[in-house]
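Taken straight from TrEMBL:
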{"type": "BINDING", "residues": "His103, His256, His260", "note": "Zn(2+) binding site"}
{"type": "TRANSMEM", "residues": "60-77", "note": "transmembrane segment"}
{"type": "TRANSMEM", "residues": "83-105", "note": "transmembrane segment"}
{"type": "TRANSMEM", "residues": "117-140", "note": "transmembrane segment"}
{"type": "TRANSMEM", "residues": "152-172", "note": "transmembrane segment"}
{"type": "TRANSMEM", "residues": "184-203", "note": "transmembrane segment"}
{"type": "TRANSMEM", "residues": "223-240", "note": "transmembrane segment"}
{"type": "TRANSMEM", "residues": "290-317", "note": "transmembrane segment"}
Amino acid sequence: MLSLIKLPRVFTINQVPKVFHEDSIISGYRHPRSSATDCILSLFQLTNETLNIWTHFLPTWYFLWKLVMVVLIQRAWQDSFTWPLLIFLFSCCIYPLTSSCAHTFSTMSARARHICFFFDYGALSFYSLGSAIVYSAYVFPDKWMNSLFHQYYIPIAVLNTVICTALACYSRCAENCFLLIHKYMRVVAFAYPYLFDNIPLFYRVFFCVGEGCTDMNTNILHYYHITLALLTGFLFATHLPERLAPGSFDYIGHSHQLFHVCGILATHFQMEAVEQDMMIRRSWLREHSLPITFASSLGAALFCVVQNLIIIILFSLPLLSATIEYDNVTK
């Protein structure tokens with residue numbers, strides 16, 4: 001039966017418009033006017049996007065399983081203390097699923113490509129806010145609990161999420177592609193919220209000494225997460241190893257695939273560390289930390305989702321109404 005299915009043809013970089021080009025990737029491109037069926041069939045053939053898709057699609061189900069376990073076992077909806085974990089796990093499901101869908105359907109047209117990655121950027125920003133919410137609830141060092149920074153941490157994280165989604169989407173506009181400015185804008189859009197969200201964690205594991213520090217076995221898991229997250233950012237920014245040998249890593253081993261794998265592993269260790277912090281510190285946090293409210297957890301997450309959707313719609317409408325293809329933007 002499978003032998004009767006004709007898989008889509010793949011192309012070289014010179015056979016597809018510039019908007020579909022990837023740095024130092026020479027072959028394995030799908031048709032720039034692929035149908036939805038062709039996009040789905042391409043999941044089962046080797047292209048330069050195949051592993052990008054599967055490295056995020058498969059982990060989505062693992063994160064979904066973790067989310068379901070929290071809902072069923074810990075009765076998350078009945079205990080506000082678990083709401084931040086619930087939001088974080090939900091964001092962990094959304095960002096790889098959205099990414100895999102974006103990579104799958106991004107070759108339907110140039111405009112579809114931009115819109116697919118608008119959603120990808122929005123999901124990443126939502127994951128950033130999910131991290132901030134769960135850090136505020138369970139990870140903050142003891143001596144920073146109830147501080148002025150702690151009180152304004154979530155509102156600033158929400159603002160960062162909205163700004164960085166807009167900046168990442170704006171970076172795809174053709175007018176901003178000169179001198180790789182669009183690439184630098186995108187790096188900033190992802191790096192800044194990560195660095196802000198992790199200020200309390202960096203202080204806790206690298207700088208805090210003496211009384212009021214949270215020195216526990218979970219810190220080693222946070223080290224793993226931080227190391228893999230920094231490696232993820234390095235791979236995204238440098239396009240190594242394919243930049244050293246263009247064409248040699250088109251199908252297997254290029255930086256975006258490694259970026260996905262390291263990002264998922266970082267999220268896994270982050271999840272393990274957060275869950276341990278939550279369980280070990282539960283009694284102390286209930287007594288000393290800021291109360292977890294709807295506004296600081298579910299409300300902030302819902303606000304972020306609505307604002308990100310508005311931003312995506314605002315950036316998508318000109319593309320949907322335009323009569324020309326945007327061929328100057330690269331992902």
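Just so you know, glycine gets a Cβ as well, placed from its N, Cα and C.
What TrEMBL annotates, mapped onto the structure for a quick look.
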residue	record	contacts (Cβ under 8 Å, 6+ apart)
His103	Zn(2+) binding site	Glu49, Asn52, Ile53, His56, Cys116
His256	Zn(2+) binding site	Glu22, Asn52, Leu235, Phe236
His260	Zn(2+) binding site	Leu51, Asn52, Thr55, His56, Ser99
**Study point:** Intrachain residues whose Cβ lies under 8 Å of the transmembrane segment (83-105), provided they are six or more past its termini
**Key:** 36, 39-40, 42-43, 49, 52-54, 56-57, 59-60, 63-64, 66-67, 70-71, 74, 76-77, 112, 116-117, 119-120, 122-124, 126-127, 129-131, 133-134, 136-138, 260, 264, 267, 271, 274-275, 278, 292, 297-298, 301
**Study point:** Long-range neighbours of the transmembrane segment (223-240), counting only residues six or more past its ends (CB under 8 A)
**Key:** 23-24, 187, 190-191, 194, 198, 201-202, 205, 255-256, 258-259, 262-263, 265-267, 269-270, 273
Point to revise | Remaining residues near the recorded Zn(2+) site, that is with C-beta within 8 Å of the centroid of the site residues His103, His256, His260 | key: Glu49, Leu51, Asn52, Ile53, Thr55, His56, Ser99, Gln257, Phe259
